[in-house]
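Report on the following structure.
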């Protein structure tokens, strides 16, 4: 029992001794850090380029880490991104022997105390020209300074919306020194591309790469070269949102336009349907116009909207013309012979358009089946009704002959009564004239009615023809836009 208590006492004593030693070491390092800081910055100036020889080039290594895409404003062509900018260079006046300072190899100091390269974003599109974030820099004993600073940048990006919403964009981020030329400060990209390891996934864009290229440009104002590093951000739009909210409703609405030809002309809603569909597409077109920049490049979905609206306008105009044919009536001219042959004889069979009372299958066969279902008595009754109808139609033509026969009989039987015979003859003649007048009116009415029925059938055939034409057009337009997107 005493042995265990002694062992625990020695362990706790050893831990206490170790803590005291570490605290003494930390306090010693803090003491050396203050001493080092005072000695380094006693005669130091951050206004001049830190090189011993003014003809020597100071190399600045640049590395960009993309953390997040905050916004892509297509209309104003501005890309907002959250970046981590790392710059490292060697300061010839900030070196020390770490053995003299108890092995202290690095310190962290405010960045405004040391000289910093004036590397800026050339294609900046922000109204705020404030200084970069004054984060601390890491200063090593060999004079290497590493400066990590976060930045929210707004850069100009030429947006090509020709294939919206299936488009890809390339936005450049060009970094370079604003006042130093290539003979004074040279920029070196540490990697061949931007660092995407800490990138936060975006809901609208996919990142397909961020290659980096160094350029050396000689401007017209100066003869010295000016180097810069350009990071090209390759973006691919996620189109699912726009497919379900802009493209798919347009396709469904456009398939309603050909159905206006199938709508009966007597309903009075054919033109209303076309105008309603046209207004719906106009609303979607305005939504796309608000998103896209006012450029000459019309987006792919905008072209589809314009083509669909043109098709619906044409279908509405054709509907109005066909409705005029439908309501020609008895006062119109007869159907021309070519229209009778082409439309009524051939096209009506191709598009399965039949007269009133006929069916799209076989009318005669259905009538025979109805007779079989009704039985023999029903068929005989129907035949008797048809015969009586035909006999009534023939009565009008035979009425004159019967009246003439009765007139002859009246002359033979009652020859002695001449005055009564003359009066009876005049009554028969007036009756015959009235019957002939009624028969002519009925005949003209049937002819005019048949003329109106022919024009209605012509309109119906043309409706069916244009319905299939516009269905095919809508289908191929939808396939074309999907093919271009792929």
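Backbone N, Cα and C atoms are what each Cβ position is placed from, and that goes for glycine too.
Please treat TrEMBL annotations as automatic predictions, because they have not gone through curation.
Per TrEMBL, signal peptide is recorded for 1-27.
Taken from TrEMBL, the feature domain 'Neurotransmitter-gated ion-channel ligand-binding' applies to 35-238.
Outside the transmembrane segment (241-264), and at least 6 residues removed from its termini, the chain residues within Cβ reach (under 8 Å) are 164-165, 204, 270, 273-274, 277, 280-281, 284, 287-288, 301, 304-305, 308, 311-312, 315-316, 318-319, 322, 463-464, 466-468, 470-471, 474, 477-478, 481. As annotated by TrEMBL, transmembrane segment applies to 241-264 (among others).
Annotation comment: TrEMBL describes 246-481 as domain 'Neurotransmitter-gated ion-channel transmembrane'.
Residues annotated as transmembrane segment in TrEMBL: 271-292 (among others). Counting same-chain residues at least six beyond the ends of the transmembrane segment (271-292), those with a Cβ under 8 angstroms from any Cβ of the stretch are 74-75, 161, 164, 246, 249-250, 253-254, 256-257, 259-260, 263, 299, 301-302, 305-306, 308-309, 312-313, 315-316, 319-320, 323.
Positions annotated as transmembrane segment by TrEMBL: 304-325 (among others).
For the transmembrane segment (465-483), same-chain residues at least 6 beyond its ends with a Cβ under 8 Å from one of its own Cβ atoms are 247, 251, 254-255, 257-259, 261-262, 300-301, 303-304, 307-308, 311, 315, 318, 322, 347, 351. What TrEMBL lists as transmembrane segment is 465-483 (among others).
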